[in-house]
Amino acid sequence: MRTLKLIILLILSTFKTINSTNIKISECGKARCVPNGESSTDGGQCGLPLPGVIGTAALNVFAFDKGSRCGECYELTGPLGSTVVMITDGCDAGDACQQKELFNFIISKKDFNKIGNSSAYGNIYSLGYQKVSCGFSGYIKAVFGGGSIAGRPDYSYYFHVSFSNFNIGIKQVQLMGTGMSRISTLKRDLGKYTWNQEGGGAKLQFPATLILTGIDGQTLSYKFNKPPSGQMIDIKKQFAPPTQKSSSALVLRESEKKCEMGKLPDYVYQESLGLGWVTYFSWKFDYINLESHETNKKASMGKKLIQVELKGYGGLHFTREGGFQTKYIKSLSFTIRAAPPISALQVYVGQVGSYTLPTLGWQWTEITIPASKIKSKNDIEYSLSFYNNKNQTNTLWIDNIKWNFTPDCPPTPAFVTDKFI
């Protein structure tokens, strides 16, 4: 008897451990992240209960996709670590919320400070992100609602349901009522799924069955009688983590993989300053023109370049909010010329460096510097500098500032793909 109890406890303990793990269910991607004050106090546009054990996030309009990602969980990786958040809301104010190039996560300052430093910067432009299972314990919860007659629920013609505490995102919800000739697919409305009687169609009668399809193709069925309106009901079902239902080596590899920060965009500057880069912290200069047209009609140049006049011991300092990973940088290349000639121009990544370029003059010179000569020993850095280490004023023209990466640099696309086979 004692042995049986121990076995049961072991099984329950294992089940709890599995559910509390955030299984990786997509490839790694690159995104942007900003802090937004205190933690959310409601369920946002999705209308979901707050998860409590993890933080919440809002997504830009494109990524939120009319609520299709409500309740999904993502692991976010910044310069100081990782945290898991659940999508509960969308944002539509400002350029970051309206752009379609990247996922833009808006999270609480508390969660932001788990992965970055909100006192030092207000964005992480090289965020790593990955879809994960939410790791909730227990089963999926449902809240029903719809029409009413004389103050009593009547779902004959109109019916809606919302779900919470699901570990895998919900792709589709279907309904089959008693007497119905076919299954009806419910329409998603943010965090709710609605059914309306079509003209001449059958009324909803009970018992009925809901069929939930997860983003990985899993299906759960829940048979129920007429439910009370507005009350949370435990459906006694839960999506299984991918590794519990699949022997695919690819899925297993993805579930073990931890994402790093997102890969840097190739260019710091090409026709314009790359997203996330600023020159605010440059020092001892007379001017910085990021849209100079003084290309001298060189074939490899575009229409614009950087023109800067540095005083003696002045620096052109490119800063990237939220930092960037240096691990996979192979080299830095750019095109440059100077007037008067300069033999003391240093280039370095991070706060200090000592690599000095060959003497530069009026003719355009294409430079490639191995990363080992300019980067620090830190895995994460925040800046790139061109430093005039001499007491004379120089004008520099610089274009096509580009990072080159090692062959083993993992790709981090802007939009991740679920890894289910």
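Any Cβ shown, glycine's included, is placed from N, Cα and C.
Model, not experiment: these values are computed from the prediction.
Between Cys73 and the candidates Cys134, Cys259, Cys409, Swiss-Prot records the disulphide pairing with Cys134. Between Cys46 and the candidates Cys28, Cys70, Cys91, Swiss-Prot annotates a single disulfide bond, the one to Cys70.
Scan Swiss-Prot for N-linked glycosylation site across Asn19, Asn404 and the hit is Asn19.
The DSSP breakdown of the domain 'Expansin-like EG45' (43-139), given as helix, strand and coil counts, is 21 helix, 36 strand, 40 coil. Shown are the glycosylation sites Asn117, Asn391; the one with the most C-beta atoms within 10 angstroms of its own C-beta is Asn117. Around Cys70 (disulfide bond), a 10 Å sphere centred on its CB holds 29 further CB atoms from the protein chains shown. Cys134 (disulfide bond) sits 12 Å from Cys70 (disulfide bond), taking the Cα positions as reference. With respect to their backbone Cα atoms, Asn391 (N-linked glycosylation site) and Asn117 (N-linked glycosylation site) stand 36 Å from each other. Least packed by the Cβ count within 10 Å, out of the disulfide-bonded residues Cys73, Cys134, is Cys134.
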